[in-house]
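Below is one structure, written out as structure tokens, with a few remarks after it.
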Amino acid sequence: MPSLPNQRFPRIVIARDSDTEEESSSSEEEEEEVEGDDNEEEEEEETHVEKLKGKTPIVSTENEDSDPKSKRKGKTPITISLKKVCKVCKKTGHEAGFKGATYIDCPMKPCFLCKVPGHTTMTCPHRIATEHGVVPASRRNTNKPVTYVFERQLRHIGLLVKASFTIPDQVHCAVVRYHSRRVTCLEFHPTNCNILLSGDKKGQLGVWDYNKVYEKVVYGNIHSCILNNIRFNPMNDGTVYAASSDGTVSFTDLETGVSEPLMNLNPNGWQGPNSWRMLYGMDVNPERNLVLVADNFGVISMLDMRSNSRSGDAVLIHKKGTKVVGLHCNPLQPDLFLSCGNDHFARIWDVRRLEAGSSLASLQHGRVVNSAYFSRSGSKILTTSIDNRIRVWDSIFGDLDSPSREIVHSHDFNRHLTPFRAEWDPKDPSESLVVIGRYISENYNGAALHPIDFIDTGSGQLVAEVMDPNITTISPVNKLHPKEDILASGSSRSIFIWKPKEESELVPEKDERKIVLCGSDAKKFKRKSGGKGEDDSGDDDYDTSYYKKGKSPSCKGAKGRTMKSRNR
């Protein structure tokens with residue numbers, strides 16, 4: 001290839017297997033790879049090098065390295081390693097990770113899915129059947145009358161006969177690239193059923209009317225980094241509380257976007273990582289007018305909603321220096337709340353006597369606990385841990401030393417993903433249906449897709465797995481509507497609304513769905529995405545084949561246009 005005038009290609013050094021391991025790429029720093037074809041990238045880079053050099057590998061000599069001109073310009077030669085390096089154990093001689101939808105196991109590690117040695121991930125029995133090994137726990141009998149009365153009060157809305165599940169399995173509308181960074185949380189409006197709130201990694205708060213599709217707004221001046229939780233004010237549903245990793249709690253009017261900071265744990269600004277406090281878990285106690293927030297040092301604080309000021313002292317509820325990632329108040333007994341964190345525990349507390357070491361129960365897990373939720377009656381507990389386990393406790397009055405069931409599910413994630421959280425279906429009277437995104441991809445007609453799973457926690461069975469051939473990124477953030485059969489999913493920077501297929505739509509001639517494309521440059525949407533992960537720095541987080549038959553309009557600010565696509 002002829003070189004351009006006044007332009008020189010950098011010199012390239014190709015390392016052989018006999019060389020030392022000092023030239024390992026900086027991309028191998030991560031503990032686990034974000035799902036993507038790293039091997040294909042290396043092959044493409046090697047092919048490009050061979051084209052530049054006439055398809056002949058060139059090894060630099062001492063004379064070339066001692067070129068005084070290159071030393072004078074300070075140019076560093078590019079090193080390309082031809083060695084096979086495992087992305088999991090960092091050792092040479094073998095490769096492991098994802099190739100398309102297939103996961104290749106590392107021989108030095110156990111099964112990636114169930115964490116048990118002796119088989120591969122592709123042949124794991126839990127991959128074939130999610131209910132494998134799930135045995136319902138025996139019910140513990142008790143003769144205590146107080147326990148009987150409390151359990152009857154909490155279970156008065158439950159049904160003995162399980163109703164059939166209605167699964168939203170078709171994308172109805174979407175906003176593509178709605179946020180500038182990946183979506184971190186979703187929340188439905190409690191009274192306006194068609195309003196969805198969303199937060200992202202940059203701290204932006206989005207308000208979207210998905211019935212009208214194009215009516216949306218993003219407030220970018222509320223927080224400076226990750227918005228981790230959104231909760232509506234129970235006394236005024238036009239305002240919300242939000243907790244962020246910038247250490248602040250905000251109180252925002254959704255109509256005007258005017259925000260008021262209620263608490264700032266970093267009043268002196270950045271003083272280093274050892275002192276910077278980040279807020280993760282948050283929930284509202286409507287009976288006591290309290291907002292509960294927890295930080296990355298294991299401490300919980302409380303805010304009075306009437307005075308918008310701090311109430312009481314901060315209390316250490318998890319191991320000192322560990323992150324508390326989730327809080328959830330009991331729906332029928334708000335004085336009871338759950339917390340979970342990086343110390344591998346989920347704990348039950350009573351806000352009326354909250355002090356260090358006073359937890360009512362401690363639920364131990366194998367690894368970090370991403371989330372812990374009470375069921376709609378407040379009698380069951382659902383937790384998600386990154387050891388690829390969903391755990392269920394059938395009764396808070398029973399034996400809490402061990403869970404009633406453990407369900408193996410793929411949600412062990414990389415740091416570039418929003419944590420996976422299994423959540424109850426708030427409309428299910430049997431309190432058994434949960435929804436959670438899946439990390440390991442599956443091969444669907446040649447495409448590697450990441451389904452969203454609906455699981456029956458009573459039996460451990462996979463009720464449904466929903467996917468769309470045009471959603472090629474992972475969907476870790478999922479929220480079921482409290483009143484309607486609607487699912488909202490956050491996949492990278494996009495938000496999708498799922499609804500059930502109607503019987504008349506089983507063999508449709510034309511199915512029109514409304515999609516809004518957001519972006520400053522429409523040309524970006526013409527490039528086809530090849531990655532499966534959620535790298536925030538890239539623009540290839542959505543497969544533009546969704547829009548091949550139509551134009552790709554762009555929108556600026558809160559304005560947008562809809563486009564029609566045929567159902568395939």
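The backbone N, Cα and C atoms fix where each Cβ goes, and this holds for glycine too.
Per TrEMBL, the features are as follows:
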type	residues	note
COMPBIAS	19-47	compositional bias 'Acidic residues'
COMPBIAS	558-568	compositional bias 'Basic residues'
REGION	1-75	region 'Disordered'
REGION	524-568	region 'Disordered'
REPEAT	176-209	repeat 'WD'
REPEAT	362-394	repeat 'WD'
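The DSSP breakdown of the repeat 'WD' (362-394) into helical (H, G, I), extended (E, B) and coil residues amounts to 0 helix, 19 strand, 14 coil. Sequence-remote contacts of a segment are chain residues at least 6 beyond its ends whose Cβ falls under 8 Å from one of its Cβ atoms, and for the repeat 'WD' (362-394) they are 113-115, 137, 139, 151, 154-158, 325-326, 328-333, 336, 338-342, 344-348, 400, 403-413, 419-424, 426, 428, 431, 434, 436, 455, 457. DSSP labels the residues of the repeat 'WD' (176-209) in these numbers: 0 helix, 18 strand, 16 coil.
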